[in-house]
Amino acid sequence: MIPVFLAAVAAFLPLTSGHIAFWHNSMYGFNVTEQTFPYDNRPVVPLQYMTFQEWWFHNHLDYPPHPGDFFDFPAGKAATAELACNKGATTWFNSSEGGNIQNGNDPCPGSPPSEYHTTGIDDVKGCAMAIAYESDVRKIKPEDFTVFSVNQTCVWYRFTDFQVPERMPPCPPGGCHCAWFWIHSPDSGGEQIYMNGFQCNITGSTSHVPLAKPKVARRCGADPDHGKPDAVPGNCTYGAKQPLYWLQKEGNNEFDDYIAPPFYNDLYNFKDGAQNDIFVDSYPDGIPDPSPEQTIVPTPVNAAAVAAATPAPSSSGSSPSSSSPGSSSTASTTSTSGPRPSARGFRRSTGERPPTGVPTPRKSWTQTRKLRYVCLDRARIVLCCKGLALMVHRLALQRGRHQEPSAQGASLAFLAAG
């Protein structure tokens, strides 16, 4: 009885232990088993020291999903993926070799965390979702993928959320292609990379701003394990970034040492959650070339927030301080150009107190200056003339110039007439 039991356990162990994959029927190689290739090329098998064909899309391009199977990423929301050591630990267990072994949120039922390469939740290094806006998978190149979502608590849970940027544009006809990427901690197991490609779609898209061309990520975060306790923000890659292609025979874009792997976390400026600065208009002032000596840290512009905060122009032809229909009083206040006129200035020009919270259009400096010297009625005209005559008389006396008796008398007579 014991030998039979041990044989059953031995047959079961390869299916429940070791490594992790993204599981969904939209993925390439969804039904690949240990016997499909001359070598073990199941989706959970890690990738290291391989040729480009062997590691790119896990060499599963000849095992595509059904044309209509897509994984949906809702713009501005979270998409929940299933990460597990075996398909039987997911909701797709009915097509697995070992049947249903689900155990709640456990990514690797019956196995310790070392099977998914971590010593604990404090030792996880993050994973990423990347997208290529191309429906023909054969046309996609490594530099076409852009990381758009990162979960730094990965791998730890079977159900893993990936926040999607709100401004993700829609996919082309035929959909997009995405890929899940992971590089684990060096504290538990040998180093590798993980990649599972799949058909995907962006749902609920309201923006058509394209993604920027992704660049290679750079090591810039605090790295105390390798003698660098402080981050170097100037050395970071900002904006759209490529996935980390590392430790292969060819096709690498990262060349870190085996004992210092790259990660999808702050070490390479992959912030947790949606990567909201990956669009062509995210950095209107440009991005400086990264280097350890660079001191300028660019700040992305949240174009969506700016657009929402900008009031729509009024169609009534009113002044710039007028708000559009439906705008709040706050929006009207903030859209007024220049400072508000003081209460004193308001009363002087209208004779009334200014309504609370309502700005008064301020005259330009030139216009105000002109009005100071315009007399609006006959009495003021007389007063102005008297003032001018008195000014002329005083200037004449100061300069020692003598007017003709008739002119001087006329001036004095005009002053006396008042």
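Backbone N, Cα and C define each Cβ position, glycine as well.
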Name the cysteine that pairs with CYS178 in a disulphide bond per Swiss-Prot, restricting the answer to CYS154, CYS200.
-> CYS200
Which of CYS176, CYS220 is the other half of the disulfide bond that Swiss-Prot records for CYS236?
-> CYS220
CYS171: disulphide-linked cysteine among CYS154, CYS176 [source: Swiss-Prot] = CYS176
Going by Swiss-Prot, which one of CYS85, CYS154 is joined to CYS108 by a disulfide bond?
-> CYS85
Record Swiss-Prot, residue CYS154, disulfide partner from CYS127, CYS375 = CYS127
Looking at the recorded positions ASN94, CYS108, CYS176, ASN235, whose Cα is closest in space to that of ASN31 (N-linked glycosylation site)?
-> ASN94
According to DSSP, which of helix, strand or coil covers ASN235 (N-linked glycosylation site)?
-> helix
At the level of the C-alpha atoms, what whole-angstrom distance separates ASN201 (N-linked glycosylation site) and CYS154 (disulfide bond)?
-> 22
May I ask for the distance between ASN94 (N-linked glycosylation site) and CYS154 (disulfide bond), taken between their Cα atoms and rounded to an integer number of Å?
-> 25
Return the member of CYS108, ASN151, CYS236 nearest to CYS171 (disulfide bond) in space, with distance defined Cα to Cα and candidates limited to these recorded positions.
-> ASN151
Using CYS176 (disulfide bond) as the reference point, find which of the recorded positions CYS127, CYS154, CYS220, ASN235 has the shortest Cα-to-Cα distance to it.
-> CYS127
